[in-house]
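Peer 1: This is the feature table in TrEMBL:
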| type | residues | note |
| --- | --- | --- |
| BINDING | Gly321, Ser322, Gly323, Lys324, Gly325, Thr326, Arg434, Gly477 | ATP binding site |
| BINDING | Arg347, Gly395, Phe396, Pro397, Arg398, Arg438, Arg449 | ribonucleoside 5'-phosphate binding site |
| BINDING | Asn402 | CMP binding site |
| COILED | 62-89 | coiled coil |
Amino acid sequence: MAALSIGSASTFGRTGARGISSISRWRPRNSCIRCVWDPEGLFGSKQPQTGHLARIEFKRRLEKDAEAREAFENHVREEQERRRILRQSRELPETPAEMIEYFLDTEAQELEFEIARLRPRLNQEFFSHLQIELGQLKFAVSRTEAMEDRLAELETMQKVLLEGTEAHDKMQVDLIKVKESLTKILTSKDVKATLLEMVERNELNRSLLALLDENIANAHKTGQKRAAGFMEKVRVAVLSPIRPSDDERIFSGGVGLIGEVAKTQKSAIQSTNREMWRRVVSLYPLLSLSNSSVLHQMQAKGGIASKGKTAFITFVLGGPGSGKGTQCAKIVETFGFTHLSAGDILRREISSNSENGAMILDMIKEGKVVPSEVTVKLIQKEIESIDNYKFLIDGFPRSEENRIAFERNIGMEPNIVLFFDCPEDEMVKRVLSRNEGRVDDNVDTIKKRLNVFAALNLPVIKHYTETGKVHKINAVGSADEIFEQIRPIFTELMVK
Ligand SMILES: Nc1ncnc2c1ncn2[C@@H]1O[C@H](COP(=O)(O)OP(=O)(O)OP(=O)(O)O)[C@@H](O)[C@H]1O
Ligand SMILES: Nc1ccn([C@H]2C[C@H](O)[C@@H](COP(=O)(O)O)O2)c(=O)n1
């Protein structure tokens with residue numbers, strides 16, 4: 001976490017123990033809103049208090065003096081550990097009254113963390129409660145010294161928490177934007193063109209760079225050299241359009257950020273980036289799947305059968321005509337997945353005059369489910385022949401038998417399942433007007449397919465719902481509207 005700087009009251013002089021609880025220890029001080037990069041806020045009093053030159057000298061000394069450096073690093077580690085234990089040991093408050101006491105007992109450098117942790121409870125009910133207590137203290141007929149102290153403490157706390165929650169909320173907005181921007185760049189088929197568009201829209205900034213840097217560092221740490229190399233190239237391309245003046249503006253709060261709150265955001269954004277980074281790293285396999293020719297070889301950790309890769313599999317389910325194929329095309333275009341339609345694979349098998357062709361045709365005409373061993377084999381062959389790791393498997397599994405055969409033979413479960421929920425009359429209407437010459441797009445077969453869907457496919461959807469994998473999509477509306485329900489699912493997955 002970055003050192004907290006919340007408005008003019010953001011940095012508090014703590015001369016004694018801790019917390020807001022003693023106002024004499026916690027009076028706001030104007031002097032030290034810090035600009036030095038101190039992501040964990042751990043330099044504390046060991047950092048030079050004044051002057052740019054002093055800070056440079058401090059840095060130089062650190063670089064030269066290995067011993068001092070080690071001691072410093074130990075100090076940082078100890079401080080990190082101390083804070084970790086402290087955070088774990090604190091019992092979280094429930095009521096507004098408990099919240100007040102909790103924050104009064106919070107160390108200054110922990111405020112940012114605690115505000116984030118307790119943000120949902122820093123709500124109107126809490127602030128009203130605080131306001132009432134403040135009112136009682138202010139308008140008391142006579143005030144004791146203890147009451148004066150309490151009043152001063154609570155006024156300070158109110159200001160800190162109001163500004164802190166505001167900064168936190170703005171930070172969340174920034175976080176989402178930066179996550180989206182980086183996802184867009186790393187999943188883009190034409191990185192250069194994407195960057196140019198983003199320059200036009202002023203979307204390249206320091207926060208994005210910081211997030212990228214953290215990904216690069218992690219790729220190095222985990223020995224993913226190609227990924228690191230790719231992202232380093234992206235970094236150079238990102239960096240060049242960020243002119244120093246942009247940097248300055250961003251960091252001095254000149255762009256859309258005002259005064260001290262902007263400084264708050266600066267530190268807040270830096271710390272957010274660290275959190276974002278962790279989320280990106282956890283989904284790194286998915287990110288790295290884009291631009292597959294460059295990146296796919298990094299995924300050498302096992303996974304799908306014979307190729308020893310880790311795949312990201314999405315099953316796409318829904319009744320006949322619910323729009324699975326239509327949406328898959330959009331997902332492919334936007335997120336670079338490979339679309340495998342089980343129905344198309346089976347139809348190709350019929351056209352290729354294979355030994356199973358006639359049997360498959362009969363089954364399809366009757367709206368029945370082709371035996372799993374046939375379908376799974378065909379899907380497996382497709383997966384293994386394709387140089388991508390992100391698959392949309394559409395119209396599969398159609399039955400529990402399909403599902404179990406896939407899991408057994410391929411040795412994987414889907415990462416997520418999309419379920420297109422569509423009323424029957426809408427599905428019938430769509431199928432009957434599809435006009436693609438399919439042997440099963442007629443009134444008789446559609447009835448059978450709907451029955452088979454209810455009897456065999458719904459239990460599969462139920463199974464994946466119970467395992468928390470299903471994203472239910474309302475399949476009524478225009479194709480574009482429906483895709484807007486899907487977009488955030490994959491965007492979120494890319495940068496998690
Ligand atoms: N949101 C929509 N609104 C209206 N029509 C749609 C919509 N989405 C798709 N369609 C149309 O409905 C028909 C069926 O769509 P699509 O082929 O995508 O469904 P599907 O779920 O893949 O069907 P199946 O399982 O039978 O292959 C197509 O003609 C398609 O153009
Ligand atoms: N897993 C599957 C998928 C499809 N089929 C057969 C039966 C379906 O009615 C037909 C058309 O599929 P769609 O294009 O609607 O997905 O293909 C199957 O037997 N098993």
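Please read every residue number as a count from 1 along the shown chain.
Every residue gets a Cβ built from N, Cα and C, even glycine.
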Peer 1: Measuring Cα to Cα, how many Å separate the residue listed as 'CMP binding site' from Gly321 (ATP binding site)?
Peer 2: 20
Peer 1: Which binding-site residues of Ser322, Lys324, Arg398, Arg449 contact ligand 1 in the sense of C-beta under 6 Å?
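Peer 2: Correct list: Ser322, Lys324.
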Peer 1: Using Cβ-Cβ distances, find the residues under 8 Å from Gly323 (ATP binding site) that belong to the same chain and are at least 6 apart in sequence, listing them in sequence order.
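Peer 2: Result: Phe420, Cys422, Arg430, Ala475, Ala479, Ile482.
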Peer 1: Drop a 10 Å sphere on every Cβ of the binding-site residues Ser322, Thr326 and tell me which sphere holds the fewest other Cβ atoms.
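Peer 2: Candidates: the binding-site residues Ser322, Thr326. Fewest Cβ atoms within 10 Å: Thr326.
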Peer 1: About how far apart, in whole Å, are the alpha carbons (Cα) of Arg398 (ribonucleoside 5'-phosphate binding site) and Arg434 (ATP binding site)?
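Peer 2: With the alpha carbons as reference points, the distance is 21 Å.
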Peer 1: Compare the Cα of Arg449 (ribonucleoside 5'-phosphate binding site) against each of the binding-site residues Ser322, Lys324, Thr326, Arg434 and report the nearest.
Peer 2: Ser322
Peer 1: In Å, rounded, how far does the Cα of Arg347 (ribonucleoside 5'-phosphate binding site) sit from the Cα of Gly477 (ATP binding site)?
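Peer 2: About 28 Å separate the Cα atoms of these two residues.
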Peer 1: For the binding-site residues listed here (Gly321, Gly325, Gly395, Pro397, Gly477), which one has the lowest count of neighbouring CB atoms within 10 Å of its own CB?
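Peer 2: The binding-site residues Gly321, Gly325, Gly395, Pro397, Gly477 were compared, and Gly477 has the fewest Cβ atoms within 10 Å.
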Peer 1: Have a look at the binding-site residues (Lys324, Arg347, Arg398, Arg438, Arg449) and report the one with the fewest Cβ neighbours inside 10 Å.
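Peer 2: Selected from the binding-site residues Lys324, Arg347, Arg398, Arg438, Arg449 on minimum Cβ neighbours within 10 Å: Arg438.
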Peer 1: Identify which of the following binding-site residues, namely Gly321, Ser322, Thr326, Arg347, Arg434, Gly477, place a Cβ less than 6 Å away from any atom of ligand 2, and list them by sequence position.
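Peer 2: Close enough to ligand 2 is none of the binding-site residues.
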Peer 1: Give me the CA-CA distance between Pro397 (ribonucleoside 5'-phosphate binding site) and Lys324 (ATP binding site), in Å, as a whole number.
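Peer 2: Distance between the two Cα atoms comes out at 13 Å.
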Peer 1: Just checking a number: largest C-alpha distance across Arg347, Gly395, Phe396, Pro397, Arg398, Arg438, Arg449 for the ribonucleoside 5'-phosphate site, rounded to a whole Å.
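Peer 2: Max span of the ribonucleoside 5'-phosphate binding residues, Cα based, is 21 Å.
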Peer 1: Taking each of the binding-site residues Phe396, Asn402, Arg434 in turn and counting other Cβ atoms within 10 Å of its Cβ, which one has the fewest?
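Peer 2: Relative to the other binding-site residues in Phe396, Asn402, Arg434, Arg434 has the fewest Cβ atoms within 10 Å.
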